[in-house]
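Working notes, structure below.
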C-alpha cells in the first residue's frame, strides 16, 4: 500500500461526503459523493482492495475517458475517486423515454465519442489497454453531453497477457472472450458494434435470454443480433464488419472513425436514418421474431440437456451394474456338480484375483487343483478341509467360505429354474407361423388458426385389430422432412408427435415408418407417407391393413422345455448340499436358542431317504424358542420339541399334567410312524459333516440322553426323535436321584444301560414321547378346596 500511496493521489475517507448509490461497476459499487476539500462532485467506487483499475486510470487522460482523481487507502475503506457524470449511463438513457429524441446527428456524435475513446486506449495511451468489458452500462454521459468510457476493472495492459479470463457481460462479449481464448484489441470492436446497435434500435441486446444461453448461441450457432431490413445500408455494413467471427477481419477503431466521417458526409443518410428511427413499430417485429426463434432453440437445447442427463444417469447405473458383475467370478457353467478340477481352478483364480491386493492368495488355486477339488467337493468344503489343504489364514478361510456359501445358494436357487439360455444339444425346434391382423390408422391433429401459415398440427398413429398385435410393434418413426425438425422415434404408445409444428408448407408430407419385432417374419416394417393439408374441417384419417406373419418356436415334446429336475446331478450329493445350506441358515438361530435344547436339531434328519421326507417329519417351527409353553401345549401335538419346551418349566408331579392330546392319535398314524421308525434303522444316513474327500458316512451319530435339572424336580426326556438308536422314551424312578449325572458324549454305566433297556419296553409306538410321574406318598391335604382342584384340570398350567 505504501507504493500505491506514493504513486496515486491519496484522498482521506473523512474528506468525502457520500450520497446515493449510482449503480455497480465490475468488482464494486459506485456512489455519488462530494469531495469536501475541493468542493467538487465526484463518483466513488468502493472496492475490497485497490487493484489494476487504479493503475490503469492513473496513466490515462482523454476527453472520452473518465477522469481519475485519486484513491482511498484507509482500511477497510478502499476506493477510486473519479469525475461524476450527472446524466447517468448510456444504457439508462437508451432504455428511457429520452431516447425518442435521438436523431442521426445525435447517434453519429456519440458513436464518434466512443470510437475516439477506444482508439486512444488502443493506440495513443502510454500503454495499450484492452477494455474487454465495453458496453452501454460502462459508457456515461457527462453534464455537457459528451460520452466517457469508465469501469476498467476488467481491463488489462496488452503487454501483460493476451489470454483473458471470462469477464464482462455475454451479449456484448466477443466469441473469443466467451471462450477465454487469447484476445486482441478487436474484441473491443465487437462490443462497440453491440453499443452502436443499441443506439440505433433502442433495444436491449438478446432481451429475455440468459447469459449462458447467449454464449451458446453466439459461439456454437454463430448467431448475431438482428439488423432490421430497413436499417440504412452503411450502418448495417459497419455492424456486420464489427461482428465478424474472425477477429482479424474486424476493423480497428481508426478505420471505424474514418467510416463514421465518410457517413457524415453522405447527404442522403440523415433522411434514411431518421425515417428508420421514427418507424420503429414497422421493424421491431423482426427483432422479436428473431428472439422467439432463439428462445425456441434454447428450449430445444434444454430438452436435449435433460435427455443427456437421463442418458448419463442410465449409463452410470449400467456402469455400476457392470462393476458389480465384474466383482463376481464368471462361472464355467451353471452345472456346478459337473465342474472338473480345471473348472474349479479357473473359478478360484478369479476369486483370489478379485479379493487379493497383495498377491498372498495367488497360490490357493493350485492347492485346489492338487487336492483334486471338483465341483461336488467344492460345495461341501468345510473350515477343517480348507486347513488340511494348507490354508491357515483365518481371513482367507472366511473369504473362501463366504464365496462357497454364495455359490451354493445360487446353485440351489437355479437348480429348478435355470437361466433362459438355448441348449445347442437340446430337442430340435419346429417352426410354425400364425397370422395377426393389424390396422394402422394414420392422421394428424390440426388447430386451423387463420390459415396455413399460423396453424398448428402434429401427426399420430393409432392401431386396431387383434389385441396382441401391439406387442409386435417395436417402434414408430415420424419424419417431417423439415429443416428445423428432428426425426421422432417412439417405442411405446401413444404414438403421437410431442410438439406442435407451426405452419403447413406446400406439399407437406410426413413419412411414418412402423418397425416390427424380430419374431415377425413378414413384413419387417410398414411405411406410409401421409399428406398434410390445411382445412377448417376435421381431416380424414387413413387406414392401412397389415397382416403380420408371426414365427413361433416349440420343441417336439409338446412345446415343454427341458426341466432341470431330471438333471444328471447326484441326488445324494444334492441332498447333502441342501442339508448343509439349511444347517448354515439356522446356525445363528440355534446359537440363540434355550440351552436346555442341547441336542443338534439337524441330527433328526439322519436316515431320511430324501430332503422332502426330512422336512415332512419334524413339522417344528424354526423359532420355537419364542413360543410360550402354555400356548404351545394348547396349539400343537406333543412332538419332541413341543414336549421338551413345555415340560422344561412344569412340575411333573401335578395330578393333571398328563397328555390329554395323546389320545387323539389314530391307529393308522401310529402304525405309519412305527413302520417309519422301524425301517430307518437299516438305512444309511448322510452325515452332515461329510467332506469333499468322499467322506460319506453310513453311520448314525450316537448321543447321550440329556438331563435337565430344575429345583426339586428331575426329569428325563427321550431323544428318539433326534437319534434313531436311542430309546424313544423312559421314566425316571426316585432311586435315580442318587445316581451321578452323566457327561454328554461319555458311555453310560452298564447298570444304566440295563435300566434303559427296561424302559424301552414301556414306550408306545409311533415315536411319541411318554412321560410318567410318581406322586408323593403322602395323601392330599383335606384342606384343599374344590376350587384348587379345578385349577389343576387345565393341561399345561404351572404349579408354583
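Cβ coordinates are placed from backbone N, Cα and C, and glycine is handled just like the others.
Here the candidates are 184, 358, 593, 654, and Swiss-Prot annotates 593 as phosphoserine. Matching 538-581, 670-713 against Swiss-Prot, the residues noted as region 'Sensing domain (S)' span 670-713. For the residues 26, 136, 262, 720, the entry in Swiss-Prot flags phosphoserine at a single position: 720. Checking the ranges 612-638, 774-800 against Swiss-Prot, the region 'C-terminal domain (CTD)' annotation falls on 774-800.
Note on 37, 99, 155, 165: Swiss-Prot annotates phosphoserine at 165; no matching annotation appears for the rest, which is not proof of its absence. Beyond the region 'Leucine-zipper' (287-308), the same-chain residues lying 6 or more positions past its ends with a Cβ under 8 Å from any Cβ of the stretch are 201, 203, 206-209, 213, 216-217, 221, 223, 226, 228. Note on the domain 'SAM' (339-410): mean pLDDT across this stretch is 84. Cα of residue 30 (ATP binding site) to Cα of residue 302 (phosphoserine): a distance of 37 Å. Taking CA atoms as the reference points, residue 28 (ATP binding site) and residue 302 (phosphoserine) are 33 Å apart. Listed in sequence order, the residues of the same chain lying 6 or more apart from residue 22 (ATP binding site) and placing their CB within less than 8 Å of its CB are 30, 31, 32, 43, 88. In this structure, residue 302 (phosphoserine) is part of a helix by DSSP. Each of the recorded positions 28, 30, 302 was assessed for Cβ neighbours inside 10 Å, and the highest tally belongs to 30. Under DSSP, residues within the domain 'SAM' (339-410) fall into helix, strand and coil as 51 helix, 0 strand, 21 coil.
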